[in-house]
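Here TrEMBL flags A:20-41, A:53-73, A:79-96, A:103-123, A:129-150, A:171-194, A:225-243, A:264-292 as transmembrane segment.
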Amino acid sequence: MTTVIASATDAPRSWKARILGAPSAGPFLVLIAFCVIFAFTNPRFLATHNLSIILQQTVIIGVLAIGQTLVILTAGIDLAVGAICVLGTIVAGKLVNLGYDPVLSMSFAILICTISGLAAGGLVSGLRLPPFIVTLGILGILTAALRLISEGGAFAVRDPFLSWTGNTMKLSGFVITYGVVIMFALYAVVWYFLNETKWGRHVYAIGNNPEAARLVGIPVRRHLMSVYVLAGLIYGIGAWLALGRIPNADPNAMQTANLDSITAVVIGGTSLFGGRGGLIGTLIGALIVGVLRNGLTLAGIDPLWQDLVTGILVIIAVALDQMSRRRR
Amino acid sequence: MSLHCMRISARSNFVRAGISALGLSVGLALGAGAASAQEVIVGLVTKTEVNPFFVKMRQAAEARAKEKGLKLIARAGKFDGDNEGQVAAIEDLISAGAKGILVTPNNSSGMLDIIKKAREAGVLVIALDTATDPADAVDATFATDNFEAGVQQGTYARKAMGDKKAVVAMLDGTPGGTVDTFRHDGYLKGFGIAEGDPSIAGAAITNGAQDKGQVGMENLLSKNGDINAVYTINEPAAAGAYAALKSFGKESDVMLTSIDGGCAGVRDVKDGKIAATVMQFPHKMASMGVDAVADYAASGKKPSGFVNTGSFLITDKPVDGLESKDTAWGLENCWGD
């Protein structure tokens with residue numbers, strides 16, 4: 001995005017203008033502002049242990065928001081994020097508890113999640129149904145399915161491989177979980193595909209104007225399909241990360257994951273109307289939500305402030321998007 | 001060119017304005033609540049914010065903490081089943097330097113790892129309302145014996161019905177929930193029937209909510225008009241069931257009973273809508289929990305095991321051989337108003 005803007009201007013822009021013009025600059029400043037405020041109110045906020053905790057708390061929504069970003073970039077929306085992820089935890093947990101090999105069980109669970117994405121993509125691109133409706137339907141189907149599979153109840157999942165992502169490692173004095181590393185790795189890999197490959201440029205093109213994308217020869221349907229399949233795969237990996245954080249499969253879990261992931265994407269500056277934004281913003285958006293919650297708790301303040309401030313941020317982010325659209 | 005510049009400057013100005021507005025609101029909030037380093041912090045993590053049961057628990061904990069000179073930080077999951085939210089809350093409380101954490105776990109196995117971490121960090125962890133599985137994952141549990149409460153409900157219903165042949169409907173909470181299972185099983189034991197008994201006409205899921213209780217009861221009555229005994233997981237579900245029974249004209253022929261002891265529920269007993277309810281004591285759980293943390297901070301002494309905070313049958317139509325209190329007593333001791 002930056003390069004496009006830069007090449008369109010007559011004179012080379014200063015570094016300041018470049019940074020401020022980057023899509024994720026606003027969210028980044030918000031994140032820094034909150035960190036500064038919380039560092040002043042409680043010295044424990046900046047303790048390495050606490051910063052590591054915030055990263056760990058961001059892992060699940062952070063990863064689910066990668067898939068959500070991809071879908072939103074195509075001007076879609078995914079309401080089945082949480083249900084697909086919970087499905088992954090229940091399938092993997094159930095299989096392992098039945099005595100199947102843990103690696104196979106987790107792989108099978110991720111496969112099932114990918115197939116859920118395939119189903120969503122197929123309905124969106126094949127039957128041209130609105131993504132909102134398709135994923136709403138899948139949300140209902142999966143919620144019922146996983147209550148049937150788990151017979152309504154939550155159960156403990158005790159397996160070293162399934163909970164491996166929750167194990168800790170030291171990174172120059174900073175204790176983090178493997179889940180955190182996997183989250184950053186996923187961001188890096190998907191960022192590369194989105195920003196450095198033809199596939200990624202086509203995602204943006206379809207989000208901007210699907211009809212124009214079709215006319216310049218982009219296989220729009222196949223492309224949409226690939227986005228939903230990739231998102232499903234990422235939700236499956238999210239299930240593994242969720243089991244690492246909480247070794248427990250609960251059909252009632254993650255009811256707010258859909259809205260939480262959309263919140264991270266929107267606060268991160270990605271346009272709900274598709275075609276604009278990106279993953280760095282989403283990561284920052286997810287971190288803002290995590291920092292807010294943690295910081296307010298450390299200061300002993302009612303957590304409802306978190307929802308209030310998050311709500312304001314969402315509206316500001318969408319307002320910014322609208323304003324910049326009108327001015328273009 | 002000019003268009004892009006305009007866009008950038010508009011954007012950054014807007015961002016700046018937004019940040020300062022937010023900074024101001026958060027700053028105001030922080031000014032009121034910033035913690036000093038010397039205070040003993042006690043954390044309370046409930047299932048949700050909105051349930052009056054947990055609201056009462058929180059108010060009681062706040063009052064007791066103030067009395068004892070401790071700082072209470074209360075947090076909650078966003079919905080029943082929000083294990084992630086509760087784990088994050090406990091993590092944040094450990095970071096905040098809490099001396100003790102009182103938690104009502106969403107499910108009995110979801111919190112085990114983080115509770116272990118908290119205890120390893122020297123934090124006293126007490127489960128309120130819902131036990132963990134295994135129970136000794138926490139230092140102690142202060143809770144209603146929910147199985148016993150279910151038994152009281154079932155025993156009353158059976159005795160009050162005399163020799164009448166029973167056709168039972170079960171209005172359950174959330175399937176698989178620990179508390180729900182205990183109460184459900186307790187009721188059947190008290191009623192003297194086993195799961196799958198032919199006298200059970202059917203069951204419905206209410207999530208402990210009035211609207212779902214009403215829908216569930218309507219459907220069960222459509223299925224079997226002979227239903228004459230209704231188990232309910234809590235009083236909101238019972239209120240929903242009563243509305244359904246009334247619309248079917250059956251409100252006086254059915255033995256409707258419940259558990260909770262909320263003031264609205266006790267009034268329903270007084271008005272004859274519910275025959276009897278079993279009162280539990282969230283404020284007792286909370287204040288006992290805060291006391292335990294205060295003790296631990298002062299002397300290093302930890303409580304242990306399951307502490308039954310008790311439950312009382314509330315009814316104005318007592319039956320022989322079953323201890324109960326009337327609604328006058330119930331209204332003095334209820335919670336939620």
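Heads up, the Cβ atoms here are built off N, Cα and C, so glycines get one too.
Contact between the transmembrane segment (A:171-194) and the transmembrane segment (A:79-96) is not supported, since fewer than 3 Cβ pairs fall under 8 Å when only residues 6 or more apart in sequence are counted.
With respect to Cβ pairs under 8 Å, the transmembrane segment (A:225-243) is most closely packed against A:103-123, considering the stretches A:20-41, A:53-73, A:103-123, A:129-150, A:264-292. For the transmembrane segment (A:53-73), the partner stretch with the most Cβ pairs below 8 Å, chosen from A:20-41, A:79-96, A:129-150, A:264-292, is A:264-292.
The recorded stretches the transmembrane segment (A:264-292) and the transmembrane segment (A:20-41) share 3+ CB pairs below 8 A when only pairs 6 or more apart in sequence are counted, and are therefore in contact.
Counting Cβ pairs under 8 Å that are 6 or more residues apart, the transmembrane segment (A:129-150) and the transmembrane segment (A:79-96) reach 3 or more and are in contact. Non-local neighbours of the transmembrane segment (A:103-123) in the same chain are 67, 78, 80, 84-85, 87-89, 91-92, 95-96, 129, 131, 134-135, 138, 142, 161-162, 224-233, 235-237, 239-240; each lies 6+ residues outside the stretch with a CB under 8 Å from one of its CB atoms. Long-range neighbours of the transmembrane segment (A:20-41) within the same chain, counting only residues 6 or more positions beyond its ends whose Cβ lies under 8 Å from a Cβ of the stretch, are 1-2, 5, 13, 267-270, 276-278, 280-281, 284-285, 287-288, 291-292, 294-295, 298-299, 313, 317, 320.
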